[in-house]
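Participant: According to Swiss-Prot, the feature signal peptide maps to 1-22. Marked as active site, nucleophile by Swiss-Prot: SER98. According to Swiss-Prot, the N-linked glycosylation site annotation covers ASN192. Residues or ranges marked as active site by Swiss-Prot on the basis of similarity to another entry: ASP214, HIS269.
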Amino acid sequence: MRLRLQVLVALLTCSSISVSLAYKPVVILHGILSGAESMASLVREIEEFHPGTIVYNCDKFNGWYSLENAWRQVDQVRDYLNEVGKLHPEGIIVLGYSQGGLLARAAIQSLPEHNVKTFISLSSPQAGQYGTSFLHLIFPDLAAKTAFELFYSRVGQHTSVGGYWNDPQRQDLYLKYSEFLPLINNEKKTSNSTSFKMGMVRLNKLVMIGGPNDDVITPWQSSHFGYFDENMDVIPFIRRPIFTSDSIGIRTLQEAGKLIIVVKPHVHHLAWHTRRDVIHEVIFPYLD
């Protein structure tokens, strides 16, 4: 009887260890005007309910430094993901929140040989941003309709926001001056266009999370690559060139069953990574 009990305990211990080892490491990138500490609730939930998970809570470009040029940030995030990936050849999961999701996506695209298995974009402006509520968090005296005068300039492009400010009624200026979003979305062809697409289609899973009550990402459908047209009507991503022309591989991922779109109502932008029920419903299913 004593031997059987010892064997049972050993089996349960081995089972627990194997489950822990099964969870892939998770890299988390914070949003704008915040830092790694803002993602602490999410880290605690992962560590409590997925014990043994290695979590890398990236602390680069905290606070006002998060307003630095987007490519400068992407370069460091790319190197960070590359180093973490080398430590875990079995593959990693990357979760980027808000601006962090956009920077993380660009970093992944810049690593065509990455080993990111799942990328979770948590309420991130993947198709750009155009809205007063977001703008006034950072530039209180700037109006959305005239923000292009700042952002579509050499000075404006030194800010991260300028890199993904997408004025639907100033598309000529957006394509002419913006040095970030049109490139990673392959709206402007460059020598990196092919590798940017390769970085995306290399993913096993792309999870896009957002919702209609976000109140910061504008339009909220940008979290799923949807966006305004020149008449300010929101066009869903499946009707936009980024999907129909498969410019960065989103259509390829969808056809392979690797694209997951999550729409969650009644969640404010600041709650996606802090509300326990939201974390468990929209994030945990994709942490394997």
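Just so it is clear, glycine is given a Cβ too, placed from its N, Cα and C backbone atoms.
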Participant: What subset of the recorded positions SER98, ASN192, ASP214 lies within 10 angstroms of HIS269 (active site) at the C-alpha level?
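Facilitator: Neighbours among recorded positions, in sequence order: SER98, ASP214.
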Participant: ASP214 (active site) to ASN192 (N-linked glycosylation site): how many Å between their Cα atoms?
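Facilitator: On Cα coordinates alone, these residues lie 33 Å apart.
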Participant: Between the Cα atoms of the residue listed as 'N-linked glycosylation site' and the residue listed as 'active site, nucleophile', what distance do you get, rounded to the nearest Å?
Facilitator: 24
Participant: Pick the one among the recorded positions SER98, ASN192 whose Cβ has the fewest other Cβ atoms within 10 Å in this structure.
Facilitator: ASN192
Participant: Just counting, how many other CB atoms are there within 10 A of the CB of HIS269 (active site)?
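Facilitator: Result for HIS269 (active site): 23 neighbouring Cβ atoms inside 10 Å.
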